[in-house]
Amino acid sequence: GWQVLTKSGGLSYILPCNRLPVQLMSQVRVYTSNGQKKDLGSEDTNGSARGETLHKAETGRQDTTNAGQKQSLPKQPIQVKVKAVLKKREYGPKYTQNNFITGVRAINEFCLKSSDLDQLRKIKRRSPHDDTETFTVYLRSDVEAKSLEVWGSPEALARERKRRKEAEIKYRENLFRNQRLLWEYKEFFGNTKPRSSTAAMFFKGPGKVVMVAICINGLNFFFKLLAWVYTGSASMFSEAIHSLADTCNQALLALGISQSARTPDPSHPYGFTNMRYIASLISGVGIFMMGAGLSWYHGIMGLLHPHPVESLLWAYCILAGSLVSEGATLLVAINEIRRSARAKGLSFYQYVVQSRDPSTNVVLLEDAAAVLSVAVAATCMGLTSLTGNPYYDSVGSLGVGTLLGTVSAFLIYTNTEALLGRSIEPEQLQRLTELLESDPVVRAIHDVKATDMGMSKVRFKAEVDFDGRVVTRSYLEKQDIEQLLQEIQQVKTLEELEAFMLKHGENIIDTLGAEVDRLEKDLKQRNPDVRHVDLEIL
């Protein structure tokens, strides 16, 4: 047990009393980190009389008790274990000069020529692009030194940057002016440029449906307008306004289709596919304002101020022709949606509700509303001709307006949801999650988000917890183990250990980046709808 308490120079020792010889030192030496030693026994040269007396008494008592054992106790050397700690490095601005920079940035930011870069050290790094495996980069410090060599001083480099910036602004102004002159030249002499790929979009798929609808609705508006002028029917006026609204809205859809085909630029890196949804949203608002609003207004005015309707024979003939033409356009839209829904593995209803193709949806709903409104108008006009009561005709106008309002509300809702960035279907999100979690390199995934960007384009984002052991094994499988063992055996100092760890640590980070690229590529290959993948490392 711990029984004997001995004090020496202010230090307390608790010694086991199990018949073991005990040797006390009158002085304790402590070595500090700077190599100097302190003598705790003589720390206070004068010392207190009480402490000195106590020390002598305890020493004498101990000497009396263990007089015979002191001589037999060998003096053991004091062993001090020193923990080797790598000095913490202070990373200043100069350390970032070891960063890499691409050739394009070196030429643009430091005003160099491609021939100037030929003399610099070239480093092959893993490419962030899918079409290339590696690409060449340069050390930023080398590029900065070369720029100073070429331009002489930082002030001269700054002046050259300013001059190039002004030249770029002037070039853009001249480019805009030349484009304006070219447009005026084409307007005056005619455009003989071959048909572009954008124009080819209107001969297949949704573009074809929209163009057919524009032509048919334009003709229907013309003939319905003539019938309204001849008969004065409120229902016929509503039908004419309906056809005009359809024609204008479908022309707007055609503009949205052409704009959505534009290639992405630095200002819009994800492209212009949402232009179709924007055009469809404006089209829905247009249907509500022009179609439903005017129909309700004309129907209410007919109820407040009824007037007799003239001969409806020509109106019936024009309505019959409109029914056939609108029905033909409706069949074209139905066939296109069925084909697209079958390709996506969706039902007809799911494809329409999810607004997968907003342009075709607008044509489908507008033509369906047109067919129903023709039936409503014909029924109310028939009741008016049979009874001679003009109120039936006004009620038909209100019915057409209500139908158009319902269609416009549906279009506004579905396109607004698409523009807000809704999530994909839970089943599809589950498949993407399981694909990631089944990979050995992934330990867990968190904060998964998959957004439908429109037109069957999905953006997938997740935070991934990678298994460092699997990543390290993947790196070791590509290394020469015998050579790696020799490098480990040659490590003798802290500097050599630091160099070894820095070399292989950077390579392991590159291996982790390659694993991220592999996962992104697998997601895109197995799910063609996934166009953009953002995997964040936890």
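Using N, Cα and C of the backbone, Cβ positions are placed for all residues, glycine too.
Annotated in TrEMBL:
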COMPBIAS  52-61  compositional bias 'Basic and acidic residues'
COMPBIAS  62-74  compositional bias 'Polar residues'
DOMAIN    210-420  domain 'Cation efflux protein transmembrane'
REGION    35-74  region 'Disordered'
TRANSMEM  209-230  transmembrane segment
TRANSMEM  277-300  transmembrane segment
TRANSMEM  312-334  transmembrane segment
TRANSMEM  368-388  transmembrane segment
TRANSMEM  394-413  transmembrane segment
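Ranked by Cβ pairs under 8 Å to the transmembrane segment (394-413), the stretches 209-230, 277-300, 312-334 are led by 277-300. In terms of C-beta pairs under 8 Å, the stretch of 209-230, 277-300, 312-334 lying closest in packing to the transmembrane segment (368-388) is 312-334. Nonlocal intrachain contacts for the transmembrane segment (209-230), taken as residues 6+ away from its ends with a CB within less than 8 angstroms of a stretch CB, comprise 202, 236-237, 239-240, 243-244, 246-247, 250-251, 253-254, 257, 310, 314-315, 318-319, 321-322, 325-326, 328-329, 332-333, 336, 359-360, 363, 366-367, 370. Remote same-chain residues near the transmembrane segment (277-300) are listed as 234, 237-238, 241-242, 244-246, 248-250, 252-253, 255-257, 259, 355, 358-359, 361-362, 366, 394-398, 400-402, 404-405, 407-412, 415-416, 418-419, 454 (criterion: CB distance under 8 Å, separation of at least six residues from the stretch ends).
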